[in-house]
Amino acid sequence: MLKQPATICIVDDDRDVRLSLKSYLRAAGMDVRTFGSAESFLKSPDRAETDCLVTDLHMPGLDGLGLQQELNRIGRNFPVVVMTAFPTMAAEAESAQLGAAAFLEKPIDPDALLEKVEAVLPRRRARRRVGPRDGILR
Amino acid sequence: MRVAPVARPAAPYRRRKRLILWAAGITAFAIFGYDLWSPLQGAVAVLYIIVVLLVAQIGTYRGVLLTGLGCGILALIAFATDHFGDPLDSAYVRFGVSLVAIFAATLLSLRDRSARTTLAEQARILELSHDTVIIRDANDRIVYWNDGAHRLYGWAGEEAVGKHCGELLHCEFPADQVDSALEQHGHWAGELMRDRKDGTRIVLASRWLLRRDPEGNAIGLIESSADVTEKKRADAERRRSEQRYKTIFNSAGFAIWEADWTELHGHIRKRVPSGLDLAGWLANHPEVLRESRAPVYVRDVNTAAVELFDATDREALLGNSILAWMPAGSEVEFASVLAGLAGGADMVEREVRYLTLSGRPIDVLLRMRLLAGGEPWSRVLAMGLDVTERNEARSKLEQASAELAHAARVSTLGQLAASIAHEVNQPLSAIITYGKSAKRWLAKSEPDVAEVANCLDQIVSNGSRAADVITRMRALARNGQVQVETLHLCRLINESIALVEREVRQHQIAVRFSSGGEDVLVTGDRVQIQQVLVNLAINAIQAMCDVQGRLRELHISVEAEADVMMCVSVCDCGNGISGDPARIFEPFFTTKREGMGMGLSISRSIIEAQGGRIGAANNSDHGATISFTLPVAAADQPIRKGAMDTSV
């Protein structure tokens with residue numbers, strides 16, 4: 001197991017979705033922070049401590065793709081997992097292009113989500129040892 | 001042969017006459033004296049012939065006769081004085097011969113005089129003629145030239161007489177034809193060209209007559225000609241004008257025909273009460289045109305008209321053809337055309353609908369006018385512009401905008417379904433997550449009961465949230481202001497097919513609609529039934545997307561079911577429904593990755609709300625058929641019409 005809990009940030013405009021995921025990932029032993037919008041995540045100091053970002057695609061204001069673009073622009077060093085209730089090929093392709101580590105359909109199977117998150121975390125940690133700035137995972 | 005001019009100055013003529021009379025008198029007395037007193041024996045009295053001939057030149061008929069008589073008396077006096085009582089001898093013979101000679105000279109002079117008078121009359125007639133008269137001898141030399149010839153050719157008689165006609169006038173004529181005509185018939189008539197004195201070339205209509213001497217030998221020609229240059233030019237211009245008209249008539253891009261309305265006009269004229277104006281009366285009595293069986297006669301049509309009316313050739317439209325009859329229902333238009341033209345309008349324009357020879361209805365913008373020339377109403381020119389396409393395009397545009405408004409309403413179903421999906425998805429997602437989360441909290445070495453309780457609370461509240469969404473949606477579908485009205489079912493189906501045209505094209509689907517003839521009336525909510533039809537059609541199309549190797553056919557059929565219901569079947573040839581076909585109407589049942597499984601559930605709600613039933617079954621060969629029923633409208637219910645009605 002990990003020496004210290006990984007910090008997972010969840011961005012979703014639906015309160016029930018983000019709180020249920022928070023409950024589940026906490027039960028799985030993770031440190032979870034939730035945000036109701038992309039903007040609030042970007043402003044938050046928690047961003048620097050993020051080990052993995054889980055974001056919805058369709059949100060009022062800045063949406064999931066916009067958030068990914070913004071993160072790429074300012075530089076990020078954590079993997080991104082995308083969720084959506086409207087999984088289109090185009091959205092999936094664009095997310096992959098922007099560097100998303102996983103693309104999940106809603107309703108979310110939390111087991112699958114945990115699996116994805118755990119899958120991307122060790123890779124990131126391994127890289128962090130090599131160098132802190134080679135963040136963008138493709 | 002030049003005859004003395006008629007209008008001879010009076011004074012010289014009288015002087016000459018006096019001179020001749022004096023000469024004749026002196027000669028007569030000289031002969032008388034010599035005859036009386038001369039000792040010579042001779043027939044001196046014969047010389048009286050000179051006196052008779054002198055007087056014959058100027059004297060009247062009676063004057064000549066009296067002169068002859070007087071000469072005879074003078075001869076008798078002289079003879080009687082010299083020889084009265086003499087025995088019969090040679091003197092008597094000489095006297096007799098002299099008398100006979102005087103008598104003969106008098107008679108001949110009289111005859112010559114009357115012949116000269118006739119000739120002079122004839123010559124005057126020639127002079128009076130406006131036509132040219134030229135007389136030529138056998139060598140083409142001009143021997144007579146009248147004033148008409150002077151006026152026409154510009155050469156005076158003195159200049160022309162004696163000249164060769166051909167050289168003077170540069171004649172151009174069909175020589176062979178003229179020769180043979182003169183030889184065979186003695187005359188020729190035809191056209192020839194000549195130069196005038198001023199050099200202009202003119203065309204003449206000419207008649208030539210062969211002159212013969214008493215033995216019958218040709219001794220020249222008499223010809224009379226008239227200038228037809230202007231007439232020829234006018235004729236040619238008229239022909240060219242007619243040709244231009246024909247060319248325009250035939251090559252015009254729009255239909256033109258010419259008809260004779262004389263009989264129709266006459267017939268209607270008779271119907272108009274006396275004292276009333278045709279135009280005014282006709283405008284109020286258009287039915288006269290329908291009642292009138294008097295034929296209009298079509299004289300001419302152009303090729304565009306032949307094409308417009310689907311005719312095989314011009315003949316099919318000439319005479320008493322369809323163009324001659326007012327198309328049914330256009331009597332008012334034709335009455336106003338007739339009234340307008342009768343009222344003196346230069347041109348009248350109306351739009352009427354004709355049926356072509358092949359039975360195709362066409363809208364024609366008619367422009368009619370009376371042509372000048374001939375009997376009034378005998379030449380009515382009609383120009384027809386085919387505005388069928390324009391009208392169709394206009395009505396299509398109107399229809400399209402109505403359909404667009406309608407389609408927007410139908411598509412709200414899709415938007416509604418999408419928002420429902422999202423709203424249901426979120427609580428479902430939360431429920432699953434809380435459930436699994438609770439299991440994890442319980443599975444810990446030290447189960448966290450408070451967390452588990454929270455998860456269970458959240459599951460309950462999210463479950464309620466999802467149920468609320470479904471309830472709201474079903475209520476909307478079931479009660480959402482259902483407007484029950486009477487509908488043309490087949491028309492509604494055709495409109496629905498039009499709404500999915502894009503999908504049909506995109507997936508190369510063949511659409512077949514069989515209705516078994518007449519449209520039927522059903523009751524229901526127009527928009528909702530159309531939503532069902534569109535939904536079923538889209539499902540069927542999507543079920544056939546991957547079909548290869550057989551025709552992708554969407555077959556919609558309508559048939560009666562137990563008299564009070566109509567059954568609509570939407571049949572595809574996809575892969576059919578796996579499992580129990582009835583399951584597809586359950587909420588959230590879907591076979592599609594993008595689908596939310598609400599379409600058929602909503603469709604069932606709609607159909608059941610209208611008093612119908614919906615069902616699904618797999619076909620025996622390929623695909624599945626979804627059928628629904630709708631109640632047939634009672635006969636006395638008001639009918640709401642199709643696509644143009646935007647109030648639905």
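All positions are counted from 1 along the displayed chain.
Using N, Cα and C of the backbone, Cβ positions are placed for all residues, glycine too.
According to TrEMBL, the features are:
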TRANSMEM  B:18-34  transmembrane segment
TRANSMEM  B:40-56  transmembrane segment
TRANSMEM  B:63-80  transmembrane segment
TRANSMEM  B:92-110  transmembrane segment
DOMAIN    B:118-170  domain 'PAS'
DOMAIN    B:188-240  domain 'PAC'
DOMAIN    B:419-634  domain 'Histidine kinase'
Within the same chain, where does the transmembrane segment (B:92-110) have neighbours whose Cβ lies under 8 angstroms from its own Cβ atoms, ignoring anything closer than 6 residues to its ends? I mean 6 or more beyond. 41-46, 48-49, 52-53, 55-56, 61, 64-65, 67-68, 71-72, 75-76, 79, 83
Please give the sequence-distant neighbours of the transmembrane segment (B:63-80): residues at least 6 beyond its ends with Cβ less than 8 Å from one of its Cβ atoms. 24, 28, 31-32, 35-36, 45, 48, 51-52, 55-56, 91, 95, 98-99, 102-103, 105-106, 109-110, 113
Using a Cβ cut-off under 8 Å, which residues of the same chain at least 6 positions beyond either end of the transmembrane segment (B:18-34) come close to it? 44-45, 47-48, 50-51, 54-55, 57-58, 67, 70-71, 74, 77-78
Are the domain 'PAC' (B:188-240) and the domain 'PAS' (B:118-170) close, by which I mean at least 3 Cβ pairs under 8 Å that are 6+ residues apart in sequence? yes
Using a Cβ-Cβ cut-off of under 8 Å, list the residues of the same chain that are 6+ residues beyond the ends of the transmembrane segment (B:40-56) and lie near it. 20-21, 23-24, 27-28, 31, 34, 63-64, 67-68, 71-72, 74-75, 78-79, 90-91, 94-95, 97-99, 101-102, 105-106, 109-110, 112-113
What is the average pLDDT across the domain 'PAC' (B:188-240)? 88
Go ahead and report the DSSP secondary structure tallies for the domain 'PAS' (B:118-170): helix first, then strand, then coil. 27 helix, 12 strand, 14 coil
